[in-house]
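In what follows, a single structure is set out as structure tokens and then discussed.
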Amino acid sequence: MRSLRVRLFATLIVATGALWLIAAVWIYVGARQEVEHVLDTRLQEAARMVSSLVAAGSLPPKPEAGGPPGLIPEAAGYERQLSCQIWSLDDRLVARSSGAPDEKLSDGGAGFSERVVNGEPWRVYAVQDEAKGIRVLVGDRLGLRERLVTDLIKGLLWPAAFILPLLGVLIWASLGRGLRPLDRITRELSGRDAEDMSSVDAGAAPSEIRPLAAALNGLFGKVERARRHEREVTAFAAHELRTPLAGLKTQAQIAVAAQDPAVRDNALRQVVRAVDRTSRLVTQLLALARLDAGPSNGAVEAVPLGSLIDEVAELCRAAAPDVPVMVDPEIRSMVLAAPRESLMLLLKNLTENALQHSPVGGVVTWRRTAGEDAIDIVDEGLGASEAELPQLTQRFFRGAGSSGAGTGLGLAIAAAAAANCRARIELMNRADRPGLSAQVHFEAGVMSASRQAGMAA
Amino acid sequence: MRVLVVEDDPLLLDGLKVGLGLAGVTVDVVSTCADAEAALAANAFDAVVLDRMLPDGSGLDVLKRLRGSGDRTPILLLTALDDTTDRVDGLDAGADDYLGKPFDLDELAARIRSVARRGVGRAAGTLRWRDVTLDPAAMSAIRDGVALSLSRREFSVLAALMERPGAIKSRSDLEDRLYGWQEEVESNAVEVHVHHLRVKLGREAIETVRGLGYRMRDGE
């Protein structure tokens, strides 16, 4: 049974019905005992009463031997239920009540006995009067007793038979009413288009449904925030891609239109630059998308830092051929436990950033940060204003002093890659001279000295 | 025609300067909101090409501040954000036109001419004075059905004077129209251009108002 309504309904109806049945059985058993007791007492009383009447001589006249039995006058109400016989001790029927059978109701002595007379079971009480020489038998049909109890139970069950369906209708309707807010929310949600992330109105919903509505609203909020973030990034990406494309097209149109060969050549050179920039931007956007896709970017492996930095420096050489990348011998021997691709992106983008901001004749240096599980790269550029420092790792953020040639993504990629390598980036101005210092702090256990440290040194 | 281009991308900026220059526009370029506001405060431009996303803020804010201070310089928003809502926001903030990147250089030049002539209350694409017709789009001048051969600078001076025949243009007005900031202005450049124009159009065409400047001679 998948439906809550049907399940609740069935449970309630079955429980109510069962309760009623148990009550009926209980009452049946109890009533039966009670009826037995009461009727037995009545038999006893009736027998004693008749016996005392006979003893007092009120009835019947002493029958002659062999004469027909006298009739005992009936007390109103006893006619149907009780039968009375008076027998002489020598087994003659002295008298009987009008409804009583002729056959002897009991053979036994005094007290209660049961016997089948004329095919009907009887319960009989006998009183023996030795002085008068008679035995008074008063009995009633067991069938009557049974009917009495049955009627009682029927009286109990009949209303139940009427009330149970009524109860069913009531339960069904009230369940429907209780679940209506759920229906309303369902209808509202199914009628929505995919863009609509507004809150579900819990309204007067019962307290069981409110948490669901609250949870849904919480989820909507999260999805909406994620989507807004995505839209913003997409809008930025569109801007960042369209601008170099616009530059490209403009320069190409100039090259087509220009009469002056110098102007045309310059435009063509700009076209080449624009293509380079655009392709670098696309590469970086893809790198960022990969990093965004999840932290499962390759398995963690032991990467020797020295050779990786050399590789990175070689890759970045084209960006600034005149600026050397120095590496502190102390970190050459370090080994990092990190996904190689992410680590590469981290170091490459930090190195590129440092090279881009270095003046001609400057030096970029990778160092071990003293006293920390960290390495840093310093350049000899202008650094950044304190206000800009926290914004540098935002996507597409370019500092006021930027050359305009950067994509504004490098440090954002470095930050995302750092998170993949269980590291974080801290950017600060150099204390000893103008320039930016980018520190990479690794979590405990990522950075370790190589076993071959001695050999490498 | 002198136009201020506010754009932070160096390649596009260079392209706009050279490309619009080919279309006969004198271009001044700045890359930030702050520089744009300083330039607009100090000089009169026939139009402004404004990028929306700039390193130190939004071009839209520059636009709003400018319109808030009563500046009526025609402004064309040039931006990569070209959803309908972005366009609507831009136009409602006071922009005269909106062009999404990437764009066609010729279309941009045409739109600049369009907002610039609307800015001086003119609807026709060509300028007329007596029997001389100037077509800024084609940079051609026709007199009495015969094409006149004018240099780029001569054309610019004539166009400036013909925009409102009868109105006086001072020498420095004309120099501003002809030269961007980076260009060296020779002291008598305007006189030389006016002289050449008088040779081609006749001595009577351009009147010197002593101490004030030049204007196209009134009447027929």
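In case you wondered, yes, glycine gets a Cβ from its N, Cα and C as well.
What TrEMBL lists as domain 'Signal transduction histidine kinase dimerisation/phosphoacceptor' is A:229-294.
Taken from TrEMBL, the feature domain 'Histidine kinase/HSP90-like ATPase' covers A:338-448.
For the transmembrane segment (A:7-29), the list of distant contacts is 1, 149, 152-153, 156-157, 160, 164, 167-168, 171-172, 175: same-chain residues at least six beyond its ends, Cβ to Cβ under 8 Å. Residues or ranges marked as transmembrane segment in TrEMBL: A:7-29.
Secondary structure of the domain 'Signal transduction histidine kinase dimerisation/phosphoacceptor' (A:229-294) per DSSP (helix as H, G, I; strand as E, B; remaining residues coil): 62 helix, 0 strand, 4 coil. On the 0 to 100 pLDDT scale, the domain 'Histidine kinase/HSP90-like ATPase' (A:338-448) averages 84 in the predicted structure.
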